[in-house]
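Engineer: Could you have a look at this structure, given as structure tokens, before my questions?
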Amino acid sequence: MSSFTKEEFDCHILDEGFTAKDILDQKINEVSSSDDKDAFYVADLGDILKKHLRWLKALPRVTPFYAVKCNDSRAIVSTLAATGTGFDCASKTEIQLVQGLGVPPERIIYANPCKQVSQIKYAASSGVQMMTFDSEIELMKVARAHPKAKLVLRIATDDSKAVCRLSVKFGATLKTSRLLLERAKELNIDVIGVSFHVGSGCTDPETFVQAVSDARCVFDMGTEVGFSMYLLDIGGGFPGSEDTKLKFEEITSVINPALDKYFPSDSGVRIIAEPGRYYVASAFTLAVNIIAKKTVWKEQPGSDDEDESNEQTFMYYVNDGVYGSFNCILYDHAHVKALLQKRPKPDEKYYSSSIWGPTCDGLDRIVERCNLPEMHVGDWMLFENMGAYTVAAASTFNGFQRPNIYYVMSRPMWQLMKRIQSHGFPPEVEEQDDGTLPMSCAQESGMDHHSAACASARINV
């Protein structure tokens, strides 16, 4: 169990009745009289802890190894490190981040089947032994650069119903798997298990069943070749928000029987997974400011009366876009929905609108068409469920900086964090509803709080 590290955040415990939305509104109010209305995030670390409790309940046999690539914010990684999760790292830099927070190498899997030789050597020097492969060339690289590695064979799956398909690029077929196991034996490289990934944003839970069945076949092949394999990695693909068609428990209700059938609890096989968006998607809300506006008139045929026959539409330009947080639209096939920071009047008219990012690229469009009341320069829009594959891949194209992140946590979750820090993760903790609970806020960058509203504390996160 990792304790909290030396990377410190000032934390403020708010009085009862304050919520994450209050923190967001407070920040907006603080900058309302300023010209610097930069985009920013509010991220609920308590939501991440609740996700972990939910995981333990829904998949009790499966140890999560958080996919750092999904969101590599230090506060996120540190919070998960404190809960005892493992970490799926894809590069030297991610390994450095995780180990820099005190995570031991046995809680890391280098889950990239195609690695640079220098980074394989770095993994060896840092004590990271578990790593994936799916080709003979990778086997030979590892044999030379890290002969003591504990290899996990990545197999291909049917990910045709996933939002982001991965098996086109990664994974060995069942036929190739036997050849690779035989080659690993010749090279005297230890293969300890099998991994797969059904694709990010999986929409068919039955895909997991077939993949687990295929993994069983490869385990049997390993036994025939002479390996004693003991690790099954079921990858990711778990939803991270409640606006998806397929719910988390719908997936786990299919996975658990498959695991019990093909890898029963007395089989001696350790089971891990690589959830990313599951942990962080719903924890992040992004606030963006309207920096420019354009009115467009769409002429209707058969009339010369502009006021009555022409349709008015609006183009809004905000201070984050597809080169920043909304890269998820291009790379993660995300569909985002703009929410209003101010509640519209009941009789307010709505107009066809589009939302654009701040860069000079015409591709920088966030929402092609939506209905909004007329808004103005200086108004704010909110986007929920923005924690997955957003900040990690954001660039500073055109000189636009990444948004600051402000962290919040409910008092019960804060108290749980303190217990973890002192005594480790308590297995008997139940999920808690934070709907009306007091909130606390940790800052990653420069947010002041009114002293009357909160008590100051310090947490090593």
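Quick reminder: no glycine exception, Cβ is built from N, Cα and C everywhere.
Features from Swiss-Prot:
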- Cys360: active site, proton donor (ACT_SITE)
- Ser200, Gly237, Glu274, Pro275, Gly276, Arg277, Tyr389: pyridoxal 5'-phosphate binding site (BINDING)
- Tyr331, Asp332, Asp361: substrate binding site (BINDING)
- Lys69: N6-(pyridoxal phosphate)lysine (MOD_RES)
- Ser303: phosphoserine (MOD_RES)
- Cys360: S-nitrosocysteine (MOD_RES)
Engineer: Name the one residue among Lys69, Glu274, Pro275, Arg277 whose Cα is closest in three-dimensional space to that of Asp361 (substrate binding site); these are the recorded positions.
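Structural biologist: It is Lys69, whose Cα lies nearest.
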Engineer: Out of Lys69, Tyr331, Asp332, point to the one nearest Pro275 (pyridoxal 5'-phosphate binding site) in space (Cα versus Cα); all of them are recorded positions in the record.
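Structural biologist: Closest by Cα: Lys69.
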Engineer: How many Å lie between the Cα of Asp332 (substrate binding site) and the Cα of Tyr389 (pyridoxal 5'-phosphate binding site)?
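Structural biologist: The Cα atom of Asp332 (substrate binding site) is 7 Å away from the Cα atom of Tyr389 (pyridoxal 5'-phosphate binding site).
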Engineer: In DSSP terms, helix, strand or coil for Gly237 (pyridoxal 5'-phosphate binding site)?
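Structural biologist: Once the DSSP labels are grouped into three classes, Gly237 (pyridoxal 5'-phosphate binding site) ends up as coil.
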Engineer: Please state whether DSSP places Arg277 (pyridoxal 5'-phosphate binding site) in a helix, a strand or coil.
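Structural biologist: In the DSSP reduction, Arg277 (pyridoxal 5'-phosphate binding site) maps to helix.
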Engineer: Give me the Cα-Cα distance between Gly276 (pyridoxal 5'-phosphate binding site) and Tyr331 (substrate binding site), rounded to a whole Å.
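Structural biologist: Computed Cα spacing between Gly276 (pyridoxal 5'-phosphate binding site) and Tyr331 (substrate binding site) is 15 Å.
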Engineer: For Glu274 (pyridoxal 5'-phosphate binding site), list the number of other Cβ atoms lying within 10 Å of its Cβ atom.
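Structural biologist: Glu274 (pyridoxal 5'-phosphate binding site) is surrounded by 25 other Cβ atoms within 10 Å.
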Engineer: Quick check: of the recorded positions listed here (Gly237, Arg277, Cys360, Tyr389), which one has the Cα closest to that of the residue listed as 'N6-(pyridoxal phosphate)lysine'?
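Structural biologist: Of the recorded positions Gly237, Arg277, Cys360, Tyr389, Tyr389 has its Cα closest to that of the residue listed as 'N6-(pyridoxal phosphate)lysine'.
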Engineer: How many Å lie between the Cα of Tyr389 (pyridoxal 5'-phosphate binding site) and the Cα of Tyr331 (substrate binding site)?
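Structural biologist: Approximately 8 Å lies between the Cα of Tyr389 (pyridoxal 5'-phosphate binding site) and that of Tyr331 (substrate binding site).
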Engineer: For the substrate binding residues given in the record (Tyr331, Asp332, Asp361), what is the largest pairwise C-alpha separation in angstrom?
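Structural biologist: Taking every pair among Tyr331, Asp332, Asp361, the longest Cα gap is 19 Å.
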Engineer: Let me check the 10 A CB neighbour count of Pro275 (pyridoxal 5'-phosphate binding site). How many other CB atoms are there?
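Structural biologist: Cβ-Cβ neighbours of Pro275 (pyridoxal 5'-phosphate binding site) within 10 Å number 27.
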Engineer: Including all protein chains displayed, how many Cβ atoms other than that of Cys360 (active site, proton donor) lie within 10 Å of its Cβ?
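Structural biologist: The answer is 8.
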Engineer: Hey, how far is Tyr331 (substrate binding site) from Arg277 (pyridoxal 5'-phosphate binding site), Cα to Cα, in Å?
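Structural biologist: Their Cα atoms are separated by 14 Å.
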Engineer: Across all chains shown, how many C-beta atoms besides its own are within 10 angstroms of the C-beta of Asp332 (substrate binding site)?
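Structural biologist: A count of 18.
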Engineer: When neighbour density is defined as the number of other C-beta atoms within 10 angstroms of a residue's C-beta, which of the binding-site residues Gly237, Gly276 has the lowest density?
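Structural biologist: Relative to the other binding-site residues in Gly237, Gly276, Gly276 has the fewest Cβ atoms within 10 Å.
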